[in-house]
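Novice: This structure is in structure tokens; I'll ask about it shortly.
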Amino acid sequence: MLDLIHSTKTHDEDRQGEALALPSTVEGSNGRKLYIESYGCQMNFSDSEIVASILLDKGFETTKDYKEADVIFINTCSIRENAEQRVRNRLKEFESAKAKNPGMIVGVLGCMAERLKSKFLEEEKLVDVVVGPDAYRDLPNLIEKVDDGSKAVNVLLSREETYADINPVRLNTNGISAFISIMRGCDNMCSFCVVPFTRGRERSRDTHSIVREARELYNAGYKEVTLLGQNVDSYKYTPEVPEGEESLPTVNFAQLLSLVAEVSPDLRVRFSTSHPKDITNEVLYTMARYENICNYIHLPVQSGNSRVLELMNRTYDREWYKERVDAIRRIIPECGISTDVITGFCTETEEEHQETLSMMEYVKYDFAYMFAYSERPGTLAAKRYEDDIPEEIKKRRLTEVVNLQREHSLYRLQHFVGKVHKVLIEGFSKRSDKDYCGRNDQNTMVVFPVDERYKVGDYVYVLGQSCTSATLIGKIVD
Ligand code: SF4
């Protein structure tokens with residue numbers, strides 16, 4: 001599962017939807033204004049860039065103010081009940097704008113649209129069009145349908161669609177870091193997860209189109225790309241060859257990583273999300289071989305207990321996960337590791353919860369995304385197991401996990417104090433424009449005083465001087 005947009009706090013229902021920032025006027029404009037707001041994971045934000053590109057091609061302009069929009073799209077998340085409730089509340093806020101502009105079109109995209117399908121139109125009268133993650137090419141037609149007076153729905157999932165030929169329009173970008181989606185869907189069937197139902201079967205994108213996109217971004221001044229997939233380790237692409245010609249070898253994730261790293265040693269490469277059952281030593285050795293592939297892995301564990309992992313259908317057990325962590329520590333000693341943890345999954349006992357805490361103690365993660373189990377309609381768990389852990393116990397276990405993680409994040413950050421880190425300047429610190437901010441190799445945020453010799457997009461060496469449990473504080477050293 002992809003972690004939610006990393007605004008230094010992910011999978012975080014508190015995260016506000018992000019309005020689209022795009023050039024306001026475009027060539028061959030049809031004079032209609034588009035407003036997009038995205039929720040959820042990096043893949044959703046990356047998809048909104050595809051949607052923007054498709055509609056800009058049709059002459060739409062953009063606005064950051066939904067009140068002046070002709071078309072409003074919300075790219076929705078369905079990972080937990082809270083995420084869906086947030087979308088419903090937001091739709092209510094659009095009612096007055098639509099009342100003032102009856103011709104305004106309101107549409108929902110993404111995972112909640114795919115999960116609810118046409119039921120969304122019954123439940124939310126304001127909504128005119130419902131579009132699933134694989135049907136964005138159809139948006140211009142669907143908008144025309146609504147213009148002609150009817151509601152429109154396209155939630156067909158595809159086994160081929162990767163939008164490989166569509167050049168994403170970079171949204172809310174700092175011009176330094178960008179996401180590149182390398183695959184869509186997921187073939188794992190973790191019992192708590194809606195993604196296989198809302199994003200369909202796994203398909204890997206054409207390798208050449210990924211490397212081309214990385215090169216174009218580098219040539220456009222970007223210094224970092226993050227390769228996105230629900231489970232990047234199962235990336236595999238076999239180039240099509242004309243009939244009768246000799247088949248070409250399949251490209252796996254390790255090979256894709258090195259192809260992207262070869263674009264330029266000056267281009268940092270990150271990726272998310274890995275899967276414990278599929279991450280190979282070949283990927284780890286590839287990371288160790290390229291200085292510009294960042295030493296950071298997001299490796300969701302979900303639970304530290306083998307019986308609960310089996311109920312979750314995670315297809316690995318406690319020992320397997322620990323062996324993967326040992327391999328990471330052996331092959332890339334300085335690697336940063338983050339994870340996802342779910343507390344209070346169906347029938348989880350106190351002892352099994354303690355095994356999650358002891359797994360965290362064993363790994364000492366740099367940071368983690370931690371949630372109490374939220375039953376999702378249509379998932380295997382909802383069909384097979386009773387959601388039997390009382391809310392207060394789920395919450396108490398979550399608090400224990402969060403407190404332990406805070407200790408470990410501080411421990412990891414203290415480990416960086418007194419050391420020099422290569423940091424890519426991404427912008428100014430949220431706290432003060434007298435400070436720059438950027439991340440080190442391990443994906444930890446570093447804040448340090450502005451030095452006029454350097455600008456956003458430059459690499460600098462920063463000596464870690466102190467830290468909080470979330471940020472390393474330092475100064476540039478030459
Ligand atoms: S099914 Fe499992 S691997 Fe796939 S997105 Fe969901 S949690 Fe991740």
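Yeah, the Cβs are placed from backbone N, Cα and C, and that goes for glycine too.
Below, the features straight out of TrEMBL:
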BINDING   C41, C77, C111  [4Fe-4S] cluster 1 binding site
BINDING   C186, C190, C193  [4Fe-4S] cluster 2 binding site
DOMAIN    32-148  domain 'MTTase N-terminal'
DOMAIN    172-412  domain 'Radical SAM core'
DOMAIN    414-478  domain 'TRAM'
Novice: Kindly point out which of the binding-site residues C41, C77, C111, C186, C190, C193 have a C-beta less than 6 Å from some atom of ligand 1.
Specialist: C186, C190, C193
Novice: Once the DSSP letters are reduced so that anything not helix or strand counts as coil, what is C41 ([4Fe-4S] cluster 1 binding site)?
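Specialist: DSSP assigns C41 ([4Fe-4S] cluster 1 binding site) to strand.
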Novice: By the DSSP assignment reduced to helix, strand and coil, which category contains C193 ([4Fe-4S] cluster 2 binding site)?
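Specialist: In the DSSP reduction, C193 ([4Fe-4S] cluster 2 binding site) maps to coil.
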Novice: Starting from the Cα of C186 ([4Fe-4S] cluster 2 binding site), work out which of the binding-site residues (C41, C77, C111) are within 10 Å.
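Specialist: Checking each Cα against C186 ([4Fe-4S] cluster 2 binding site), there are no hits.
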Novice: Long-range same-chain neighbours of C111 ([4Fe-4S] cluster 1 binding site), Cβ under 8 Å, sequence gap at least 6?
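Specialist: The answer is G40, N44, T76, C77, S78, I79, P133, V194, V195, T198, R199.
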Novice: Specify the count of other C-beta atoms within 10 Å of the C-beta of C41 ([4Fe-4S] cluster 1 binding site).
Specialist: 27
Novice: Grab the pLDDT values for the domain 'TRAM' (414-478) and give me their mean, rounded.
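Specialist: Across the domain 'TRAM' (414-478), the average pLDDT comes out at 96.
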